[in-house]
Amino acid sequence: MIPSTAAAALLTLTAGVALAHPGCGGQEIGRRNVGGPMVYRRDVTDEASAAASTDVNTECTAYGYAPVTEIASSFPTIWETASILSNDTEGQQLFATINSTLNTKLPNDVPHGTPTGDWTGVNYNSSDPDCWWTHNKCTTPASDTGLEADITIVPEPMTWGLGFDDGPNCSHNALYNLLSENNQKATMFFIGSNVMDWPLQAMRAHDEGHQICVHTWSHQYMTALSNEVVFAELYYTQKAIKAVLGVTPQCWRPPYGDVDNRVRMIAQALNLTTIIWSDDTDDWAAGTDGVTEQDVTDNYQAVIDKAGNGTYTTHGPVVLNHELTNYTMSVFMTMFPKIKSAFSYIVPMCTAYNITQPYLESNVTCPNFETYISGVTNISSSTTQKDGSSSTNTSSSGSGSAAGSASATSSSDDSSSSGSASASSSSSNASSGALGMFDGLSGVGLVLSGVVAGVMLL
């Protein structure tokens with residue numbers, strides 16, 4: 001928490017460094033250097049071949065997937081701050097509507113600091129009128145804003161809310177194998193640029209029944225960004241996930257937890273529920289600022305110990321874990337047996353809140369809590385047949401729009417249900433307008449043919 005002085009009406013923020021998880025910027029997970037010459041190429045043809053190896057060097061060797069050029073121009077440059085594209089008329093119109101409402105309802109809520117988390121010289125009212133999480137861990141906006149409270153806990157006792165930030169990670173096969181072997185589903189908070197970089201890994205997450213949420217396009221401090229950039233960071237990540245997986249997420253997690261009412265209002269207009277956390281494992285911080293791997297293990301153990309001391313008799317924790325590096329994934333794998341032993345249930349966030357329609361599309365459902373704990377953890381999707389009848393697929397494998405439709409290239413060229421926590425009349429209306437922005441990409445296989453200068457493996 002950024003320090004405050006109770007006696008001061010205005011607070012001067014002098015922190016010059018990121019106070020949350022500064023290492024969580026994406027480059028640790030095989031971030032590609034867009035624009036450089038390709039020096040590696042992995043021969044993968046589909047999702048299964050991408051999931052076959054647990055050798056990190058093999059997993060994180062770049063691959064190409066067609067048709068790249070057909071859709072690449074519909075998105076911002078990967079790993080650069082997103083902005084609305086000049087030819088994206090629908091995006092521009094949707095933002096104009098949202099921005100008009102925002103300026104009317106929250107005219108005094110303005111950006112804070114820099115996108116890298118530097119608040120030097122920033123003056124902010126110590127009463128926290130913007131419900132700024134980074135300032136005071138505020139998660140419940142004032143009622144007159146019309147904003148939903150952030151999700152921070154699981155309403156079911158002795159239940160661990162499982163999620164992973166920063167994916168998809170090119171080297172996540174070992175983690176996903178563990179989850180699959182234990183019939184364990186999670187909520188995956190995906191960075192848009194990572195989805196573009198590693199589409200087959202994103203497909204695996206969705207097809208194996210994990211809930212997919214938004215974690216912005218370029219992973220920056222959102223409250224430092226302009227209204228337009230906040231919108232673009234969320235909008236294009238939704239759009240990329242829709243293009244790759246065929247579904248439009250209705251949930252998101254702000255990088256570093258950095259959110260305020262202005263950012264919440266933009267997210268809610270895109271029908272995105274804000275999910276924070278109650279407990280941070282600090283897995284992202286190992287090796288920085290004096291944080292050791294033992295500290296991370298101790299943090300996990302502290303959450304586990306709460307299950308034994310009565311803390312979770314009325315609710316459960318939402319725990320911050322990361323699909324960030326091999327270490328952050330492996331430490332979870334090590335602690336998973338202890339978590340299973342200590343907690344009655346481990347569930348994804350859609351199940352925790354009985355949100356049976358986790359996406360804008362109504363043909364994919366998430367099991368509610370009662371169904372999940374009975375052993376039916378699979379995502380169910382329905383399709384309409386040519387004769388007008390419908391069929392239901394109750395396996396954990398969904399059907400993303402890119403799955404099976406895009407083909408690998410070997411060239412070396414350069415290149416909601418009523419239970420939804422996000423439901424509100426204002427966000428619902430805006431979302432109806434947002435639906436059209438995805439129609440043109442439905443059924444198109446999104447992949448990023450790699451231009452790579454090298455792969456950083458940590």
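Note that Cβ sites are derived from N, Cα and C of the backbone, with glycine treated the same way.
As recorded in Swiss-Prot:
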ACT_SITE  D165  active site, proton acceptor
ACT_SITE  H322  active site, proton donor
BINDING   D165, Y256  acetate binding site
BINDING   D166, H215, H219  Co(2+) binding site
DOMAIN    158-348  domain 'NodB homology'
CARBOHYD  N87  N-linked glycosylation site
CARBOHYD  N99  N-linked glycosylation site
CARBOHYD  N125  N-linked glycosylation site
CARBOHYD  N169  N-linked glycosylation site
CARBOHYD  N271  N-linked glycosylation site
CARBOHYD  N309  N-linked glycosylation site
CARBOHYD  N326  N-linked glycosylation site
CARBOHYD  N354  N-linked glycosylation site
CARBOHYD  N363  N-linked glycosylation site
CARBOHYD  N378  N-linked glycosylation site
CARBOHYD  N393  N-linked glycosylation site
CARBOHYD  N429  N-linked glycosylation site
LIPID     S427  GPI-anchor amidated serine
REGION    382-430  region 'Disordered'
SIGNAL    1-51  signal peptide
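If you compare Cα positions, H322 (active site, proton donor) sits closest to D166 out of the recorded positions D166, N169, Y256. Listed glycosylation sites: N309, N378; maximum Cβ neighbour count within 10 Å falls on N378. When secondary structure is read from DSSP and collapsed to three states, N326 (N-linked glycosylation site) falls in the helix class. Listed in sequence order, the recorded positions near H219 (Co(2+) binding site) (C-alpha within 10 Å of its C-alpha) are Y256, out of N87, N125, Y256, N326. Cα-Cα distance from N87 (N-linked glycosylation site) to Y256 (acetate binding site): 31 Å (rounded to the nearest whole number). In terms of C-alpha distance, the listed recorded positions N125, D166, N169 place D166 closest to Y256 (acetate binding site).
Separating the Cα atoms of H215 (Co(2+) binding site) and N326 (N-linked glycosylation site) is a whole-number distance of 19 Å.
Closest in space to D166 (Co(2+) binding site), of the glycosylation sites given as N99, N125, N326, N354, N363, is N326, taking the CA atom of each residue. Taking each Cβ in turn and tallying the other Cβ atoms within 10 Å, the top scorer among the glycosylation sites N87, N169, N354 is N169. N326 (N-linked glycosylation site) sits 9 Å from N169 (N-linked glycosylation site), counting Cα to Cα.
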